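Read the structure below first, then the notes.
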């Protein structure tokens, strides 16, 4: 439907456009501001702009059409082509991408809700008319033995693993009611879960007395994870060696050598690591073992750095050297006092 709209000015006009020759689409009104000038002139989203102020907009670029609309004098005359039914992708303030995203999210939410409802129905306690996917199914109506409503007990997988007081099976045994095996009938859910009922007078045990599960079933995997989680933690090799050494020491034996992973002896053989430490030198002046730095005077003769002094004045000879007079060490000054001739001095500078 062709029509002409006059929008009273001045700019801004209160609407947005999209398309153009560079987009290979006609120029279309995409949004109209509420209570604006364009809305007052009955401009609607989805209108195709055919001409702007009498100039054809068929070959206009998008920027060119925007410029002509912004710089137009009042009133702005637009020739429109309005369809009878609004396009589903053109709504006020909502582009086609937004509409599609909203619909896609809604469909995802609906699909997720349906899956959760199916999952809850599959794992929910047994109702009066159980679904075929439930492993806890009652005998078919054609079976000669059928349990009454009072004899039905619902039990989900969660109650099977976390509620030891509850016991469920594909056929439940009660006093006065023969089982399906006694009646000669078998159910296709024999391979699902079979749990023997606990005695009413006996307290419930955390472990089931009899449990047959398929290895690829979810309940079997859940029980395996719980059993592995309760297992004792493994000891490392170093901790085990340390524990054995402490136990040997408590028994009065010789503790085994446990090298640290950071020590230099960790990579050495055991015989070398347990070897006796090297022999320490003995100071010839104070007759004490030298545990750190030693001054070598002659072969087999050592002194502490503090004991390497003049026998007369006590001056340290480390930076000066020593002179032998008999069997004593002297500095040069006191050694010359004991000899009139310097040539007789025995210098060890």
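Keep in mind that glycine also has a Cβ here, set from the backbone N, Cα and C atoms.
Listed features, source Swiss-Prot:
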- 81-94: compositional bias 'Polar residues' (COMPBIAS)
- 178-190: compositional bias 'Polar residues' (COMPBIAS)
- 199-210: compositional bias 'Low complexity' (COMPBIAS)
- 1-84: domain 'PDZ' (DOMAIN)
- 281-341: domain 'LIM zinc-binding' (DOMAIN)
- 127: phosphoserine (MOD_RES)
- 129: phosphoserine (MOD_RES)
- 134: phosphoserine (MOD_RES)
- 138: phosphothreonine (MOD_RES)
- 142: phosphothreonine (MOD_RES)
- 143: phosphoserine (MOD_RES)
- 163: phosphoserine (MOD_RES)
- 199: phosphoserine (MOD_RES)
- 205: phosphoserine (MOD_RES)
- 209: phosphoserine (MOD_RES)
- 210: phosphoserine (MOD_RES)
- 263: phosphoserine (MOD_RES)
- 74-147: region 'Disordered' (REGION)
- 169-212: region 'Disordered' (REGION)
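On the 0 to 100 pLDDT scale, the domain 'LIM zinc-binding' (281-341) averages 82 in this prediction. Applying DSSP to the domain 'PDZ' (1-84) sorts its residues as follows: 16 helix, 33 strand, 35 coil.
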